[in-house]
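Reading through the C-alpha cells given below for one structure.
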Amino acid sequence: MLEMLKSWYSRRLSDPQAMGLLAILLFGFISIYFFGDLIAPLLIALVLSYLLEIPINFLNQYLKCPRMLATILIFGSFIGLAAVFFLVLVPMLWNQTISLLSDLPAMFNKSNEWLLNLPKNYPELIDYSMVDSIFNSVREKILGFGESAVKLSLASIMNLVSLGIYAFLVPLMMFFMLKDKSELLQGVSRFLPKNRNLAFXRWKEMQQQISNYIHGKLLEILIVTLITYIIFLIFGLNYPLLLAFAVGLSVLVPYIGAVIVTIPVALVALFQFGISPTFWYIIIAFAVSQLLDGNLLVPYLFSEAVNLHPLIIIISVLIFGGLWGFWGVFFAIPLATLVKAVINALPQD
C-alpha cells in the first residue's frame with residue numbers, strides 16, 4: 001500500500017508546478033474554511049470587484065476611457081443600482097413577507113376545512129383519525145416555524161450592526177481594488193510560490209469561462225424574476241414580487257431549486273383561487289416559463305460553460321453549499337470546474 005502511494009505521488013505530485021498549484025488552492029481553501037467569517041467583507045468585495053472588471057476593461061480598452069474615469073463610472077452605477085435595490089425593492093419584499101405571514105392563519109383555517117371535508121367526500125380513502133394526525137403534524141410545524149422566526153428576528157437585530165459595517169467597508173474596498181488593481185496584484189504575487197506558472201496558465205484558461213458563468217447566472221436570475229413577476233401580476237396572484245424573487249433565486253440550485261420553489265407558488269395559487277381555471281392557468285404559465293428557462297435561456301447564456309454531468313453539479317451544490325452557504329451554492333459550478341481543471345493539470349500516467 002505504501003509503495004502504491006509513493007508511486008502515485010512520484011507520478012502525479014512530484015512536478016514542482018503541480019505542487020505550486022496545489023499549495024495555492026490549499027491555502028485558499030484553509031483560509032476561507034477557517035477564517036471565512038473574519039474575511040467575509042474582503043471576499044464579498046473581491047467577488048463584486050471581479051464582476052465589475054469586465055465593463056471597466058471594456059470602457060478602458062475599447063472606448064479608450066482612462067481607467068480611473070471608467071472605474072468611477074462603473075462603480076457609481078453599481079452603487080446606484082444597489083441603492084435602488086435596498087431602498088425600493090427590499091421594502092417591497094419585506095411588506096409582502098409580512099403580508100404572507102399575517103395571512104398564514106387564514107390559510108391554515110382554509111386547509112382545515114378542506115381536510116375535514118375529505119372523510120365525508122372520500123371515506124374509502126381517508127378517515128378522521130388520519131385528518132387529526134395531519135392537523136397535529138401541521139400544528140407542530142407551525143409552532144416550530146414561529147419559534148424559528150422569533151430567533152431569526154432577534155438574530156437579525158443583532159446583525160444590523162454587522163450589516164452597517166459591511167455596507168461601509170465593502171464598497172470602500174471595492175473601489176480601491178478596482179482603482180489600484182495592478183499594484184495590488186504585484187503585491188500579492190510576492191507571497192505566491194515561485195513555481196506558479198501552471199496555476200497562472202490554468203487560471204487564464206478558466207477565467208473567461210468563470211466570468212461568463214457568473215454574469216450569465218446573474219442575467220438568468222434577472223430575466224426569470226422579471227418574467228415570473230409579470231406572469232403573477234397578469235393573473236393577480238398574491239405576493240407577486242416575493243414569489244418571483246424566490247423563483248429567480250431558485251436558479252442558483254440547478255434542478256432542485258425549480259422543484260422546491262414550485263411548492264409555495266402552487267400553494268399560494270391554490271389558497272387564493274382554489275381548484276379553478278385561474279389556478280391551472282398560473283400553473284401552466286409557470287411551468288412554461290421554467291421549460292423556456294431550462295431549454296432556451298440556459299443553453300444560450302451558458303453555451304461557453306464547461307460541460308459537467310448533472311450528478312456532478314448536484315454533488316457540487318451540496319458540498320460547496322454545506323461548506324460556504326449561499327456563496328458556495330452560487331459558485332458551485334465554477335468551483336467544480338476548477339477542481340476538474342486541477343485534476344486534468346496534474347501529470348498523467
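Glycine is treated like the rest: Cβ placed from N, Cα and C.
Remember, it's a predicted structure, so these values are computed and weren't measured experimentally.
According to Swiss-Prot, the protein carries these features:
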type     : residues : note
TRANSMEM : 24-44    : transmembrane segment
TRANSMEM : 72-92    : transmembrane segment
TRANSMEM : 157-177  : transmembrane segment
TRANSMEM : 221-241  : transmembrane segment
TRANSMEM : 251-271  : transmembrane segment
TRANSMEM : 282-302  : transmembrane segment
TRANSMEM : 311-331  : transmembrane segment
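Same-chain neighbours of the transmembrane segment (311-331): 32-33, 36, 43, 47, 214, 217, 252-256, counting only residues six or more beyond its ends whose CB sits under 8 Å from a CB of the stretch. Using a Cβ-Cβ cut-off under 8 Å and counting only residues 6 or more beyond its ends in the same chain, the transmembrane segment (221-241) has close neighbours at 89, 92-93, 96-97, 99-100, 103, 247-249, 251-252, 268-269, 272, 278, 281-282, 285-286, 289, 293, 297.
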